[in-house]
Each structure stands twice: as structure tokens, then as C-alpha cells.
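What TrEMBL lists as transmembrane segment is A:89-109, A:115-137, A:158-177, A:189-208.
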Amino acid sequence: MKPTEAQKLSLQTYLHDTLSYRETYEEIYDHILSAMEFQPEGVSFEDAINNIIRNDFGGAKNLVKIETESKNAMVKEGLNKFLRFVTQYFKLPLLLYTVLATVQTYYFLSKINPGAIAIEAILVLLTMLVPCAIHLLRLYNTGYLLSTTRKSARDKMFDNLAAGPIRLLLLLNVWIANTSTFNEWFGSHPYIITMVLLVCTVYDLALYQLYTDEFKTVTEHKRV
Amino acid sequence: MNANPLLKGSLQTIILKLLEDNSQMYGYEITQRVKEVSEGSIVLTEGALYPALHKLEADGFLETFTQVVDNRVRKYYRLTDAGGKEVTSKLSEAQAFIDQLQTLLNLKPATK
């Protein structure tokens, strides 16, 4: 059975109304259309859809349950990937670069004190501007590459990851404000600043890798 | 999936084995392949397939990529390196279970 364009549109509308995330929508839509090809010609379009949803997904109500389970799995997979991207900077061969960059940063901070304003500016860049830029790039590419503005199951996870480093910046500033003056503190704690810069840089790099990883599959399908 | 709880518990093993044999498959293709191999006696239903696929993906045993087919996005699944090792482990587990079951059942002769 080959559905007409109007029938496909009505199926799309139904699935858009039932499902929240584009990932589950795409997978279930493809499954239903693939199954439609094997439905007998005599069956009406509505009956064919109902048969597939009932037999393959356990009914319309189960679609939402499947979507929730899929979302949880996608979030878990995303977080695992992020953790893998972070830890790779502490394993060979990237560990060599991490150590080299850390030693250089420490040397620079301890020999040439760039001052509180310069360090604060670098911290703002690493904890706010870079994560925000990656977040905005992800939103832009969702619309540009996927031609959709529908929600992704990974949106919330990405929002939380992008907003994470800002908390570190706030905590650090509150701590410094309560212990000493900014100029004095930044001048006398090069090792702590080095560690903070290291953590923030690795975090941003891992976030960028997570973002590119999500669109890697899209590039693959754009090529086909 | 059909009501047999033994088969329900083996769904992940079945998926991993199919992907080991076929390198990459999409959801509907997996349901059809299971039906074909079992000659219709095992039918993946009640939304058991997708949660199982997504769980395997979340655990790092499967990875996905997409292709546009007939103007729609099709999501394919394939084994990761960890997934390849998991197939061997799951198959050994399944084989050990079958052997144990056979030993246990053979203790009691069938009564008529």
C-alpha cells in the first residue's frame, strides 16, 4: 500500500500532535511508512495506520510511553558521551597536551600576573560566552540542517550542560569576595586559577564535541 | 514481543546478534528480520523494540546514524566496539542458560 501525499500529511499531523520530540517522531514516522508498504491494498489508510500502531507499538497510548523511555535513554547516552569527551583529556595521548597547557598556564600566571580584570575576562569567556555560543550554534544548526524548530529530547540536557560553568564562576567570585580583595587573591593563587582554567577549557571542549557529535549524523544523511 | 517471558528477557541478545550479522539495521527492518528468522513465531510488538534499542544505545553498545530515504529520515543502528564484545558475552550467557535448563529438565523424565 502506497500512501498519497495528503495521507502522509495527515499521518505527520497526527504524530506531531501525539509526540513531543523530533527524534521519536522521525523514527516512528519512518517505521509506520515502512510497514505501510506491506499492508494489503484493500485496507483503508486509517485501518492500516491503526493496525500498525496497535501491532507494532501496543496502541496510541504506548507511543507516549515509548517516547519517554527513548528520551531518558537519549539523555543518558548524551551524558555518557560528554563524560567520555571530558575524560579523554586526562588519558593518553591528549593527556600530554593537557599537562603541557597546564604547566604553561601556571608558569604564565606565576611569573606574569595579568591582573584581576584580565583573569575575570578570561573566566567570563570560558564559563559564559563560549558555552552560550555553542548553545546558540546548536539551535541555529537544528533549524538550518534539520529544517525544523521542533524540540529535541536532548534540549534540556544541553541547556543544563551549557549553564553549568556559570555556577562555577559565581561560586569562585563569592568565595574570593569573602576571603580577600580580587587583585590580591588572583596574584597569590596561581595554582587554583590554573586548575579552574583547566577545568573550564576541558568542559568547553567536551561541550563542543558533544554539539558536533549530534550533527555528525545529520551531515552523514545530508551526503546521501 | 510475544508473551513468552523467556523471549522477552532475550530481546537485547536477539537485537545484538542481528546487528552483528547485518552490520546496520533500522527499527522496522529488525522487526521483520525477527519475524522472518523465527518463521513468524516471534513478533516484536507492544513497543518492546524501541525502548530496548534506545537502552542499548544509552549503554554504549549501539550507535546510530541517519539517512534520508524517500524524503524521510531513517535512523540506523550499528554495533559499537563495546557492543561487539557484549554480543559474545550475551551469547555465552544465553548458551549457558540453555545448557542449565536442559540439564534441569532432563532430570525429570516426562510423565504421561
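Every residue, even glycine, has its Cβ placed from backbone N, Cα and C.
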Remote residues contacting the transmembrane segment (A:158-177) - C-beta distance under 8 A, at least 6 residues beyond either end:
78, 82, 123-124, 126-128, 131-132, 134-135, 138, 185-186, 196, 199-200, 203-204, 207, 210-211
Hey, which bits of the same chain come close to the transmembrane segment (A:115-137), Cβ under 8 Å, at least six residues off its ends?
158-159, 161-166, 168-169, 172, 182-183, 185-186, 193, 196-197, 200-201, 204, 207-208, 211
Mind checking which residues reach the transmembrane segment (A:89-109)? Cβ under 8 Å, same chain, six or more beyond either end.
190-191, 193-194, 197-198, 201-202, 205-206
